[in-house]
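**Q** Pasting a structure below so you can have a look.
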Amino acid sequence: MGQSDDLAVEKAHSDDDGHAHGVGQSAGLRIFLFACAVAAISYGISWLRPEWSPWAYGIGAVISVAPFARTAFTKALKGRPFSIETLMTIAVLGAIPIEAGAEAVVVVVLFSLGELLEGFAAARARSGLNSLAKLLPSQAVIEVDGERRTVDVTTLAIGSIMLVSAGDRIAADGRIIDGRSEINEAAITGESRPVEKSIAADVFAGSINGDGTLKVEVTKDASNSVVARIGELVAQAQESTAPTARFIDNFSAYYTPAAIILATLIALVPPLAFGGEWATWTYRALTVLLIACPCALVLSTPAAIATGIATAARSGILIKSGEALEMLAKIGIAAFDKTGTLTRGHPVVTDVAGVNTLELASAIETGLTHPVAKAIVTEAERLKIAVPKASDVTIRQGEGAIGMVGSRQVALFSPRAAGALAPDVAASIDALERAGKTIAVLLVDGKYQGHIAVRDEARDDARPAVAALNAIGIRSLMLSGDNQRTATAVAQALGMEAEGELMPADKLKRIEALKAEAPVLMVGDGVNDAPALATASLGLAMGGGTDVAIETADIGLLKDRLWGVPDAIRLARKTRRTIMTNIVIAVGLKLVFLVLAVFGITNLWTAIIADTGATILVTFNALLLFWTFRPTIDGSTSAPSKAF
């Protein structure tokens, strides 16, 4: 995983036109020291034998620029002739005939220093990802035929039984088959509180066992663990090109040749047309050539995108592409699924009306996966009700379930699908719905038999998270299949709008309509909401660190907390502001120094300082995202919870 992480950030610090930045730190240091040594020798010879100065500086400039000239030649052969190395090589070699060799030597030293500093910045952006690999222990203790063996983690096979002692770091993704303990998953999900887990619970490689001793069955090999997938997805996201970066890349493809043409005209036109001095105007042209390199502009967006994505991942937010990060900053509407997203996803039965209602309803709902079905079956089990066997059970999308219990046809439908009900029954159901409860009506042979009310409590962080979205100008909306009264009751308690009685197809149509007003972020659990997540401008899946959050939608939350939604938007907007600031820095400095160069006010070494300085400024401005963004913890912003 280390290599892919390195490549991701290296790519983020380069572009297709060959403006490569962030060379490896060791290589960059060697090149810088080499340039310094050549400069020192050249200046030493010049001091000892002044008459040799032109030769000393000229030869020194040629020798010190050689590594960059070789890079420029290699890129030219690959179809990328307009690189920063090409422009600098032309400027350095062009300075020798006009006796500006001393400045040419300084230019190479300053340029190599800039490359070294950019390499440091790239390594800093990369450090969070590289530390992912360090989360995994190199060895694990397994049980084979009752004996303990210590094995290399890479040899762990699916089905192996790991023994995890108190305080140990878990070596592979797996499922607990014996024991109970509190697991610290902060390194994976960013969640600071340990999570209590027991038999049948999933655990992640890299998390730390608490006081208990566990037996864990391995469910994934090392290459497919949650940690590995996070690393791969973040690396892929950093390699992706954001829309702003694509525009700047396309612009640079024309801008760089234009800069060379401009420098050529500056060198030729004044001497030929107005009798200017060749040396003076050639010098100014070379200065313009150095200043005109668009490296800072090209780097302005990918540096911010790469850092923004890494910062998000550190906070437990997986953003899968630069395009998704840029779109997230434009979101105007956040649409939420209700069950399992705004609510806890574990509804409980609160009211039962009718004779044998729970008995017959449980018969139909047994084996179904809908949260309401699970709540009804769980309540029957709690009351130790004997549940008859049902047959020919079918699900009617948006209505409920129907089947046979003995010779009777039994259906459990939503009130909307149940047909006309007696006034007193309708009034009772209406009151329950206004209290925010979901109602299932029991029909036996087509006639009303009773009804059941279930309630799914809102998450503790739902209301403050919605308030945080409202505070940053995001319209929050709940899209639910529940009846409008229930949806409205839940939504009003959370401070948001609600639209109920939506079939799956209706949700898609509603999202399309909302997209005409503003970009829409759809937030769901990533399983039942897959079509809606795909239809929205962006889909955000909450999964508590599961594969669902990692694989589904454009954005995945590793922490199963709604605070991640406003946090993700805040970070995206902060990244967009960083990009805009970087562009202003890059363009502004270039324009100022270009004008100064044309009028002969600046020189070669100040030109390279301007170019390198702008590049370093935009890189470190991007890195400020690492140091200044604070995710929300329990309703307040705090120091970053370092997920890795």
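For all residues, glycine too, the Cβ spot is worked out from N, Cα and C.
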**Q** Looking at 55-73, 416-434, I want to know which stretch TrEMBL calls transmembrane segment.
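**A** Comparing 55-73, 416-434 with TrEMBL, transmembrane segment matches 55-73.
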**Q** Mind checking which residues reach the transmembrane segment (253-274)? Cβ under 8 Å, same chain, six or more beyond either end.
**A** 17, 82, 87, 90, 281-282, 284-286, 288-289, 292-294, 598
**Q** Should anything in the same chain at least six residues away from the transmembrane segment (31-49) have a Cβ under 8 Å from its Cβ atoms, list it; otherwise answer none.
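**A** That would be 23, 56-57, 59-61, 63-64, 67, 101-102, 105-106, 108-109, 112-113, 115-116.
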**Q** Calculate the per-residue pLDDT averaged over the domain 'P-type ATPase A' (135-234) and state the result as an integer.
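**A** Across the domain 'P-type ATPase A' (135-234), the average pLDDT comes out at 81.
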**Q** For the domain 'P-type ATPase A' (135-234), jot down how many residues DSSP puts in helix, in strand and in coil.
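**A** Grouping H, G, I as helix and E, B as strand yields 19 helix, 38 strand, 43 coil.
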